[in-house]
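Notes to accompany the following structure.
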Amino acid sequence: MLLLDILSISEAQLTRNPFYLDSGYPLHFGRNLRNHLAHENASVNILSDVPMQKTVTCNKQKIASEKELTFSERSSQRLLFTLFCQSTKCNRHSICSRTRLETVKYLVEVKHFLINVRDIKGKTPLHIAVENDCREVVEYLLRHGANTLIKDAQGNIPLHTAIYLKFVDVSKVLLEKATSFDANLSSCGYTSLHVAAEVGDLTLVNILIEKKADVNFKTEFGETPLALAVQNGHFEVVRALISKKAEINVKNLVGDTPLHHASREGSEEVVKLLLDYEANVSAFNDDCVFPLHCSAQQGHMKVAKLLLDKNADVNIQTISGSTPLHLAAEKGYHDVISLLLEHKAQVDYENHNKRTALHCSAERGHKNIAKILVEKGAEIDKKDAAGSTPLHLAASRGHGDVVQLLIAEGADIHAEDSSKSTALHFASSMCRKDIVKLLLLKGADIFKVVEFNITPFRIMISNGLSDILINENLNINFTDSTGCTALHLGALFGCLPFVEYCIQENYNDIIVKNNEGETPLHLASRGNFQHVVSFLIDKGAEIDAKDNNGHTALYFACINNYKDVVHILINKQTQDKLDYKERIQLLIIAITKGYSDIVNILFHNTEFDMAELENEYHLLQEAVRAGHRMIVENLLKRGFKINAEGDSYTPLHTSVQFNHLSIAQFLLSMGANQTVKDKEGRTPLHLAVENNNMEMVETLLNAEADAFITEHNKNSMKDSQSVNHRST
């Protein structure tokens with residue numbers, strides 16, 4: 001309807017469709033359109049997609065008559081495709097994007113279109129003409145008052161756009177109209193000279209300089225035209241700017257000078273030019289980074305040599321304490337390392353983490369760099385702030401070739417960091433299998449204890465590296481400080497091949513206990529490792545063995561709801577070893593926690609005294625109190641009484657008291673007695689009212705609860721309700 005309204009405003013001004021491929025195709029606009037629609041004229045055709053709506057919006061007046069449309073017809077209606085493809089622009093913008101000077105003249109002089117109107121991207125016809133390098137159109141628009149200072153959505157005036165695109169002729173035309181080159185800034189504070197310097201257009205740079213553009217004007221980030229030219233490697237532009245007194249050592253917002261930029265980019269000729277004009281090799285930025293750091297970190301050896309030849313300090317440190325040697329070693333730049341060492345770089349200089357260049361190369365796996373540094377006298381067992389040696393770092397990162405090199409050069413494989421960890425701890429923790437083998441071959445201590453009684457041996461088993469222990473035929477007959485043997489650890493981490501190996505080689509007694517009184521079977525059960533549990537039992541493990549707290553392996557399996565392990569343990573336990581009291585306690589735990597499968601297994605494999613369970617342990621009450629409906633159903637199927645009393649309550653009392661609505665509904669459906677009173681004479685309905693549980697009250701009343709039955713104090717349910725209302 002919005003489209004129809006717009007067309008109605010146009011009335012009958014347009015009587016045929018100038019935008020359709022068939023110029024003779026009828027399309028009725030304005031009132032004519034509405035009249036035809038009202039009479040359901042099927043021959044009427046409407047072009048109502050989104051691009052057309054935008055075209056209509058941009059052109060509220062008619063734009064053509066039979067005579068006026070001849071120009072578009074001569075162009076084979078290519079304008080139509082432009083309008084559809086560039087529906088965000090109005091006609092004057094689209095026409096300016098092509099060299100159609102006569103069309104532009106017609107729109108400006110005959111139709112009096114506004115010359116500085118913007119499209120949705122903020123562009124004027126002048127912007128569009130500039131973008132398409134239409135010099136004649138640009139000149140015409142300028143003669144008719146086009147504003148050269150209007151910025152598009154990106155903050156660019158037409159001149160900036162022309163320079164960015166390196167349209168020299170158009171730029172010259174615009175420059176003739178420009179009055180100030182430093183006042184009209186684009187986004188980020190760029191002047192025309194900044195733009196020309198960045199794109200490297202020497203001709204435009206020279207023109208702007210001749211027109212007195214400020215060569216030292218700074219952007220919002222503190223960059224001068226010289227800095228931008230340097231960053232982009234435009235040597236001739238750099239030379240031109242320097243010749244016009246551009247500041248050589250000017251800093252941007254983070255303290256970088258043009259020499260920093262050139263050193264980082266690796267432009268040898270630009271660096272040489274800057275140095276010839278006395279650029280400061282000792283200039284540093286906010287992070288105390290010097291030009292030599294920049295070249296070393298990026299691997300620009302020739303640039304680094306130029307800086308060193310100008311007496312740059314080879315051992316200068318950044319704010320983090322890194323020297324150029326640290327940075328080059330970290331990145332692995334062999335030729336830069338050699339150059340720095342030739343200029344007397346100190347190999348053992350420490351950064352603020354007390355790391356040397358050897359630490360950096362070892363951690364990153366640069367074997368050749370590490371070799372050079374060691375040959376130059378680097379301390380091979382130097383420790384950083386965490387106590388790590390280069391060997392620790394290489395082992396942790398999995399750089400086997402570096403580990404081999406360091407060991408061959410005499411690195412101490414037993415060296416400890418601040419947590420007492422060795423390289424073997426690191427390699428085992430990170431599952432560096434080849435490095436673990438290498439360290440073991442070189443005699444690393446597999447039982448070295450660190451914090452929390454952690455040994456490489458324990459780490460290897462936990463990380464699935466036990467095959468190394470088996471294949472290397474190591475002596476594993478030991479007991480750690482917690483009393484755990486190799487068999488304990490194999491069971492703890494569920495490593496069946498290693499458990500089998502320990503039993504086969506007779507390393508440990510299968511019933512041996514650790515300091516907590518736990519056997520390997522306890523640990524395997526606690527970890528839910530069914531195959532290990534079965535194997536240990538088959539090899540003679542005692543199922544009824546108890547730890548220091550009196551718990552068996554079955555206890556750990558039950559409390560963790562490991563039904564498969566519970567099933568194995570119960571099936572393999574002989575009746576003469578059965579602990580009836582333990583089974584009751586496990587049943588109570590399973591009911592309380594809601595472990596239905598465990599409850600079923602225990603009932604199926606144990607001859608319980610049902611009366612004892614009901615009257616002494618009140619298991620149905622426990623299930624209701626815990627809110628486990630499935631177990632409640634299970635117990636009732638096994639013969640538990642639905643109206644059995646426990647702790648003065650029936651199960652229905654308990655479900656109401658603990659607000660287990662679904663259980664209450666189930667109990668009622670099974671015939672629970674609502675009239676039974678507790679020791680205080682209250683029925684379940686009384687409890688529901690006292691608890692102000694209206695949903696429960698409604699459930700009980702729907703089950704025909706007696707609302708007039710009284711408590712010991714002679715209050716009926718309605719009386720209790722009245723008391724509750726008064727109290728609230």
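Yeah, the Cβs are placed from backbone N, Cα and C, and that goes for glycine too.
Secondary structure by DSSP for the repeat 'ANK' (121-153): 16 helix, 0 strand, 17 coil. What TrEMBL lists as repeat 'ANK' is 121-153 (among others).
Sequence annotations record features per position, and here TrEMBL assigns repeat 'ANK' to 188-220 (among others). Same-chain neighbours of the repeat 'ANK' (188-220): 159-160, 163-164, 166, 168, 171-172, 175, 178, 181-182, 226, 228-229, 231-234, 236-237, 240-241, 244-247, 250, 252, counting only residues six or more beyond its ends whose CB sits under 8 Å from a CB of the stretch.
Residues or ranges marked as repeat 'ANK' by TrEMBL: 221-253 (among others). Mean pLDDT across the repeat 'ANK' (221-253) comes to 96 in this model.
Residues annotated as repeat 'ANK' in TrEMBL: 254-286 (among others).
The repeat 'ANK' feature in TrEMBL is assigned to 287-319 (among others).
If you look at the repeat 'ANK' (320-352), the same-chain residues 6 or more away from its ends with a CB under 8 A from one of its CBs are 287, 292-293, 295-301, 304-305, 308, 314, 358, 360-361, 363-364, 366, 368-369, 372-373, 376-379, 382. Annotated repeat 'ANK' per TrEMBL: 320-352 (among others), in sequence order.
Applying DSSP to the repeat 'ANK' (353-385) sorts its residues as follows: 17 helix, 0 strand, 16 coil. Annotated repeat 'ANK' per TrEMBL: 353-385 (among others), in sequence order.
DSSP assignment over the repeat 'ANK' (386-418) gives 17 helix, 0 strand, 16 coil. Taken from TrEMBL, the feature repeat 'ANK' applies to 386-418 (among others).
TrEMBL lists 419-446 (among others) with the feature repeat 'ANK'.
The repeat 'ANK' annotation in TrEMBL covers 516-548 (among others). If you look at the repeat 'ANK' (516-548), the same-chain residues 6 or more away from its ends with a CB under 8 A from one of its CBs are 482-483, 485, 487-488, 490-496, 499-500, 503, 508, 510, 554, 556-557, 560, 562, 564-565, 568-569, 572-573, 577, 579.
Residues or ranges marked as repeat 'ANK' by TrEMBL: 647-679 (among others). According to DSSP, the secondary structure content of the repeat 'ANK' (647-679) in residues is 16 helix, 1 strand, 16 coil.
Per TrEMBL, repeat 'ANK' is recorded for 680-712 (among others).
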For the repeat 'ANK' (386-418), sequence-distant contacts whose Cβ falls under 8 Å of one of its Cβ atoms, 6 or more beyond its ends: 353, 358-359, 361-367, 370-371, 374, 380, 424, 426-427, 429-430, 432, 434-435, 438-439, 442-445, 448
Cβ contacts under 8 Å made by the repeat 'ANK' (287-319) with residues that lie 6+ beyond its boundaries: 254-255, 257, 259-260, 262-268, 271-272, 275, 281, 325, 327-328, 330-331, 333, 335-336, 339-340, 343-346, 349, 351
